[in-house]
Amino acid sequence: MALVSADSRIAELLTELHQLIKQTQEERSRSEHNLVNIQKTHERMQTENKISPYYRTKLRGLYTTAKADAEAECNILRKALDKIAEIKSLLEERRIAAKIAGLYNDSEPPRKTMRRGVLMTLLQQSAMTLPLWIGKPGDKPPPLCGAIPASGDYVARPGDKVAARVKAVDGDEQWILAEVVSYSHATNKYEVDDIDEEGKERHTLSRRRVIPLPQWKANPETDPEALFQKEQLVLALYPQTTCFYRALIHAPPQRPQDDYSVLFEDTSYADGYSPPLNVAQRYVVACKEPKKK
């Protein structure tokens, strides 16, 4: 029943999102005339080679209108982003509910494990669709934006992806990509599923063994302080795997769509580090251990 309710709400939100997109285009078309007037006024001023009181007053009015138009369009876009975030949240809730209930399509019976190629594609899609933090002027990026860690009392929710420190079969410890199943306030411990085993491998871990992954990408152009910087030690997901390893930041992203360039610790190389490899913001978290000398 809850799944049906979620489906109907998602349909409503998609309709509302479509209307907001139409409003955005209408707002942009409406403001176009004013922008053309600004350009033409500047061209006349250049032709006459002077700034008369008339042009000064006219431009002040045109720019005031342009600013108001831009703010109106911005408000519509923010509403659209809120709708998208709500849709994604409902889809995630629906996925978790189906997983708990053990629901599967008749045409697709349960599989013990997901094909590795499919899993890698899903991880790439998750990184690409991670929302970009877009704050208002003066806003600071929140916790879990880029390199900014979660607050001390933060508890990851069921379905959230985390880096989890677990014991491997050989007894060694490693950081894996995992999904939160539950959290017990009585024991202060998480239950997490290894993402690579489709729930087959479940671990019970203390809070210090779980690092929540970023929930927003940081924009290098507006919030560079929310990114890890060159030579900073991190844990990064090694490409085409589901394990995190220690690495140094070689270069932070330069544009919102860019990845980090990182150097993984690797004793097979003379300097102890691999050549630069790209890792998405989604899969780079702080490493609290000291650098190797």
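Quick reminder: no glycine exception, Cβ is built from N, Cα and C everywhere.
Since we're looking at a predicted model, the values are computed, not measured.
For the residues K50, K58, K83, K288, the entry in Swiss-Prot flags N6-acetyllysine at a single position: K288. Feature region 'Histone H3K4me3 N-terminus binding', per Swiss-Prot, maps to range 240-243 of the set 64-67, 204-207, 240-243. Each residue of the domain 'SGF29 C-terminal' (152-293) gets a DSSP state, and the totals for helix, strand and coil are 12 helix, 62 strand, 68 coil. Same-chain residues at least 6 positions away in sequence with a Cβ under 8 Å from that of Y245 (site 'Histone H3K4me3 binding') are, in sequence order, W175, L235, A236, Y238, F264, E265. Summary for the recorded positions Y238, K288: the Cβ-based neighbour count within 10 Å is maximal at Y238.
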